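Dumping what TrEMBL says about this protein:
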type: REGION; residues: 1-20; note: region 'Disordered'
type: COMPBIAS; residues: 1-12; note: compositional bias 'Polar residues'
type: TRANSMEM; residues: 31-49; note: transmembrane segment
type: TRANSMEM; residues: 70-92; note: transmembrane segment
type: TRANSMEM; residues: 98-117; note: transmembrane segment
type: TRANSMEM; residues: 129-150; note: transmembrane segment
type: TRANSMEM; residues: 170-191; note: transmembrane segment
type: TRANSMEM; residues: 198-220; note: transmembrane segment
type: TRANSMEM; residues: 232-255; note: transmembrane segment
type: TRANSMEM; residues: 267-285; note: transmembrane segment
type: TRANSMEM; residues: 297-321; note: transmembrane segment
């Protein structure tokens, strides 16, 4: 690991003057991590119960029926999460004049793949759950190569330490997505009534889990209230910029994406995997414990902002559905705009249980008719 003794660089710097950040309680963090594992598992099980195994099997047997526009969402996710957002994080850190440690924390978050929180937010906002799960899975797999590249490319402004990518955690994340989703699909296949109950319970657990995440972030990191305003601004702007970019790109007329998929893409590109960011920081700078508190302040601020923004977007969307009378027809997803989508009907009726980037084409619906 190369050391750089330049002042202000993480590799050789001394702790900055001013109020010291209080290190988080490791036992509390460990308990919080296990809590998150349980919540994510419950959420992904519920998401699997909204998908149909028959549709997945049909697509695998007839690859010609793949809706190519499904790949567009995955491609936009890749573009935003691994090309644009790392550059945005790099730019924010310089524009807001972060210290070296805080800048590295912001950069790591911006280089991470999408988080599983986006899946439950997509469900609440009546998006395309199959697309959301696929984008999360694909971005997590690609992160094994793209994260080291982006961190090497952009981190040299502040450190010459080589980022340690926690491949074990990445593989664990993939397993936490695919295994519960697969089990959920099987439950729906054999016990459809039970699947509906699990979806309801999963939604409640998701809401409680996200709310608890916000509260625990504050309890674990009370020192975040002492940080400068510019760190708060950056932590707030990063998820907003990610979501706006995803939605803006997906609105391009030539892409012909439905409003449901646009919402899905926006939520997916606006939600980064904070837990993975924390793991990278802790592994990379394990020998520099005096810097960990400041390195972690951006991820710890980003997490509660993500929760607040996600719930706010969901609340506004739900109020809009009620105000426009579109919440009374769950068969169409409650979204009048979805009537002109590329796949008629909603996910529950015609959606594809496709966690490998496939979905039923329009021709399937025509053939049924």
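Cβ atoms are placed via backbone N, Cα and C, with glycine included.
TrEMBL annotations: computationally assigned, not manually curated.
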Top stretch among 70-92, 198-220, 232-255, 267-285, 297-321 for CB pairs under 8 A with the transmembrane segment (98-117)?
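The listed stretch sharing the most Cβ pairs with the transmembrane segment (98-117) is 267-285.
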Could you tell me whether the transmembrane segment (198-220) and the transmembrane segment (70-92) are in contact, taking contact to mean 3+ Cβ pairs under 8 Å with a sequence separation of 6 or more?
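In this chain the transmembrane segment (70-92) does not contact the transmembrane segment (198-220) - fewer than 3 Cβ pairs sit under 8 Å.
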Against which stretches of its own chain does the transmembrane segment (198-220) lie, if we need a Cβ under 8 Å and a gap of at least six residues from its ends?
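Beyond its ends, the transmembrane segment (198-220) has Cβ neighbours at 24-25, 28-29, 32, 35-36, 39-40, 42-43, 45-47, 49-50, 117, 120, 123-124, 184, 187, 300, 303-304, 307-308, 310-311.
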